[in-house]
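Annotated in Swiss-Prot:
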- 34-56: zinc finger (ZN_FING)
- 62-84: zinc finger (ZN_FING)
- 90-112: zinc finger (ZN_FING)
- 118-140: zinc finger (ZN_FING)
- 146-168: zinc finger (ZN_FING)
- 174-196: zinc finger (ZN_FING)
- 202-224: zinc finger (ZN_FING)
- 286-308: zinc finger (ZN_FING)
- 314-336: zinc finger (ZN_FING)
- 342-364: zinc finger (ZN_FING)
- 370-392: zinc finger (ZN_FING)
- 398-420: zinc finger (ZN_FING)
């Protein structure tokens, strides 16, 4: 009949039988009566324990004919195979959005009801999904129970560990059908695909800025609130987002968890590692629609686009100078504050940027990593090499708007400009 007379008092969800209701209620109490004798993990239902027990068995009889991946149970193979077919059989009755799995649809439906049955006892924040609730609890406890067997790094969730592990394996199973670029995570692929479609469906009600993902919009909204809840215990600097604090703290700890498998160079940010990997592959996937010039990273493309528009949206609050890139604006700001957070371990000299510090280090090592392909002369900085190459090509790209004279380097152009 479809009747569901048994209702959960905690969240209002209804069930056909009292037994199913009792099993569901365990999700609110946290009780897990079915315990695995191999690893001690607990489960709400006996069926879930039975499926879990297969994890300890090395037998994976169900094989994907597309990619060869093996699975413990047939249901997991069926769910996996939908990735290859692109089939999404479960449709949301509210908005028509399609999903591969029934549980993904069930989770999505909560976004329409607004129901958030899971409340954090520490801060009162409410969650629609139990997984998100447990993940949030780790913020208060600091618990990171999932450890990488390769490097020992610990993570709050299993998903974070799995994503991290791909750095070691180099596996990128998600391929863009437009340009054949491959990605380690499905979310990364979806983010990339928006570059092809140009779609940015999430709009900020404060300033009108649009975003590809709801998470990016939520993160952006904190800028308008002005709240900076995350404080560095080393220097007291405040941040709007936790990931910004984490990234900043690596300045103090010198931690560089992202290591290039090609050259061994390590980075503080995953994005920097990805940019470095493209140097090895020669890949430049980001193309300018104006002149077709290609770039290693989206940020380089974005900066280049402003050479066509002349737009300089970042203004210094101290002196009013305008910049086309936020990074350049931040570096310039340090000329007012006097802040120099990057210190040379050899001589103690401090610098405003990491790039400047790295260039300075070459004065101690004598290293000149940038050779000219024409004459073999080597340079400490890529910029110096580029200026030198103009002596071979005869190119003078820096032109004075006052008198029309042109120069091979910005430094010589700036010296000349002072004459006017």
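Each Cβ is built from the backbone N, Cα and C atoms, and glycine gets one as well.
The zinc finger (342-364): residue composition by secondary structure is 11 helix, 4 strand, 8 coil, according to DSSP. Same-chain residues lying 6 or more positions outside the zinc finger (286-308) and placing a CB less than 8 Å from one of its CB atoms are 195, 271, 274-275, 278-279, 324-325. Outside the zinc finger (314-336), and at least 6 residues removed from its termini, the chain residues within Cβ reach (under 8 Å) are 303, 306-307, 352-353. Through the fold, the zinc finger (62-84) approaches residues 51, 54-55, 100-101, 173 of its own chain, all at least 6 residues removed from its boundaries and within a Cβ separation under 8 Å.
Here the zinc finger (202-224) has Cβ contacts under 8 Å with residues 191, 194, 240-241 of the same chain, all six or more residues outside its ends. For the zinc finger (370-392), the model gives a mean pLDDT of 82. Sequence-distant contacts of the zinc finger (118-140) (same chain, six or more residues past either end, CB-CB distance under 8 Å): 27, 107, 110-111, 156-157, 242. Long-range contacts of the zinc finger (34-56) within the same chain: residues 23, 26-27, 72-73, each at least 6 residues beyond the stretch ends and with a Cβ under 8 Å from a Cβ of the stretch.
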